[in-house]
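Over in TrEMBL, the protein carries these features:
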DOMAIN    1-165  domain 'Calpain catalytic'
ACT_SITE  HIS87  active site
ACT_SITE  ASN107  active site
Amino acid sequence: MLEKAYAKLHGSYEALEGGLVQDALVDLTGGAGEEIDMRSAQAQIDLASGRLWSQLLRFKDEGFLLGAGSPSGSDVHVSSSGIVQGHAYSLLQVREVDGHKLVQIRNPWANEVEWNGPWSDSSPEWTDRMKHKLKHVPQSKDGIFWMSWQDFQIHFRSIYVCRVYPPEMRYSVHSQWRGYSAGGCQDYESWHQNPQFRLRANGSDASMPIHVFITLTQGVSFSRTAAGFRNYQSSHDSMMFYIGMRILRTRGRRAAYNIYLHESVGGTDYVNSREISCEMVLDPDPKGYTIVPTTIHPGEEAPFVLSVFTKASIILEAL
């Protein structure tokens, strides 16, 4: 029944044969999705510093759903080490035991095609102690295997994260870029016409730093819905706008036409994706912070949802 409903949302069963892992996880859980491209400059910095490994440990501790993508190619091609190319895997466990950084991975095909390098099912790295600590009981043709974090960086290109938060941590507002409010990015004089929102900590949380994860999700453009397109799109959709957001200190007021009149505390790049996100810690400020979500060019019209996930008590309101 769930598969039938999801196929109807996408338009056909055939449409379910491909797609992006983070989109599917978000659609099915209501969580917040992101893809970490391990070849990106930021990811390379985080890998070198150990921050990315620490993030994965935290993500697993918090119960987030994780996946991994192998290098692009056809999934009929398998590398000599047993990794299917252009394929999505589940990331089941992230563990650090006796100085070994290991990840447990599953091929959803659940067949005999598995990693055959170090820490594979029958490799000599498995001592009795490590088998006991990781409860390692290899099964044939189950698609599950272990791999070192170092080898993972060589054989995989992307990490997919779906942050599943309890409802009480979600604060959302629905809005739109339309007409006057479709102001474009900061390169245009009209950028301050975009919808703006104030994020302010409330109660006892107002006196301490708060950790926030902010997402901006665009809907199907008004021009396409008027033309009869279905009210759903994925990150594969070539008609999506490049979207981004800025988080500013504006003393509780709307940002002025010149962004450089305000202190910028965070934001995102502009990406043509269904959903973008940023994570930060905000210092106490009684006036709060202003979030300005935008498309990259003026006149690009679409609905959007701005969401803030936090354990703190906050107020998220339009300015």
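Using the three backbone atoms N, Cα and C, a Cβ is placed for every residue, glycine included.
Within its own chain, ASN107 (active site) has VAL84, HIS87, TYR89, VAL113, GLU114, GLY143, ILE144 as residues 6 or more apart in sequence whose C-beta sits under 8 angstroms from its own.
Over the domain 'Calpain catalytic' (1-165) the predicted model carries a mean pLDDT of 86.
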